[in-house]
Ligand code: SAT
Ligand code: MN
């Protein structure tokens, strides 16, 4: 018996107690995709280290220098597989109207036929891993389970970090828990005589969600949200539909606990598009004496109204899949400490000593770098050493600012809606109430980033930062937010804020230092919640007094620019919002057309 076969046998026995429906599904997928072997993953440390060794031996992972970066690895993808592929992401609801105007809809039966052809024999020569996982603590009141089948060992190790895996999940399924079926293949079968490559993938990619049957089929990519199906595909696209049907919300949000010098805790959720600083904000170490942040999550929050009239939230993930470039001791010291060991890096640069580097980590790049493509890096060539969407994958418990109760539900006091806007949007504005807050969420716009394929720096509407992640009609999502609000106690419901750390001055770049200084904005928000901080009313919501957010090195002139509501910009902005709402069709909630009408009137009145 080879070691692999032996491992296979062990996993099969570990999987004893597998309910018939799960065993039959795995058998059916295996019969169709024809892997050489099927391995039931339970997530023991021995399994992890065996798989790491295998991937190193196959050239799919590079073990980093254990003296400098213990228990850590580097993976390099191919240049055509570096980000989410929104143009190949499909929502296959029965009715196109349920997917709405912002999703790529495909008719389910037709898509199933297409996928069936792609998946036929696609795992030949490879191992099919069965990875049962829980989003949220296994058995927790807001938790959900799923099973990912994948032929990527890299995806397995990443899922092991990002979710809770293991036999306890199988017991949940055996106990009757609903489970999401998630099937992933890199789409690169190995025929006899074929040589494997470091990053198998397929130029033809499919990221497919079937919301009604709670199924995910992903083909052709090994990267991030395309391949770790628990993340965007399940915890956002499928879970948003589960939430719509069951009265909760699955949102693209960080989650943090801000603690004041007096020891009062404020729980803050924040929706920002990909690569707009959620991870940095969630791990903030405030520059303000006495204030502290505990990290609860950096990407996804599931929110549910409680019997007490408050909105409760969990982070369903168990790890962080964060953007490496720009992460430094200045921008996110906690992350730098967290990445000291036990991390899988993807598409960063490799140093001559066998450690990692990326743009922004240090001011000067070390000599002798190998770039993310595996070539000697030429500092003068003008190309970055790390890919702009290079990532780290690391367990949440490694984070020095992680809350002890990470994974448990917390009552939300404030919700932030943010994006990257060079102009127009002030540093922070407070919503007048829930409906105005939903309007702020629905009208988020942000410059595109390297987290998705396509051009970067283009302003697009990204409602609730869910444009690529909402599994149903975008306007129904807003209606659902409105209905969740009606179920909350008006006094205890979260307050809502629009924030923008990225406003620019044409000559001097960013007006606001950001990062640790963002604590000043959070402290003002906490002050508002506590009924202590003052505000100036503007046409678009309340803004802080400049003195309340004054940061060292930010002149009075810059503070006033940061808080300015510019008449020309806002007359233009509100018409862009109107255009966007116009494109959403007849499902636009009346509350939001009323908000838009009110915004127009307020802007006209304020500026004449
Ligand atoms: O979708 S990913 O998980 O690859 C990252 C993101 O876009 O937030
Ligand atoms: Mn994200």
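Residue numbering: from 1, along the chain as shown.
Using the three backbone atoms N, Cα and C, a Cβ is placed for every residue, glycine included.
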Recorded Mn(2+) site member, picked from 178, 299, 308, that accompanies 232, 252 in TrEMBL: 299
Of 134, 185, 274, 341, residue recorded by TrEMBL at the substrate site of 84, 223, 224, 225, 389, 390, 391: 274
Listed binding-site residues with Cβ under 6 Å from ligand 1, out of 84, 224, 252, 275, 390, 391: 84, 224
Of 84, 224, 225, 232, 277, 389, binding-site residues neighbouring ligand 2, Cβ under 6 A: none
Binding-site residues listed as 223, 515, least Cβ neighbours within 10 Å: 515
Closest of 232, 252, 515, 517 to residue 274 (substrate binding site), Cα positions, binding-site residues only: 252
Other same-chain residues whose Cβ falls within 8 Å of the Cβ centroid of 84, 223, 224, 225, 274, 389, 390, 391, the recorded substrate site, in sequence order: 82, 83, 226, 321, 323, 346, 451
Output field, Mn(2+) shell: CB within 8 Å of site CB centroid, site 232, 252, 299 dropped: 225, 231, 235, 236, 274, 300, 469
For residue 276 (active site): intrachain residues, at least 6 apart, with Cβ closer than 8 Å: 418, 419, 420, 446, 449, 465, 502
Which of 84, 232, 391, the listed binding-site residues, has fewest other Cβ atoms within 10 Å: 84
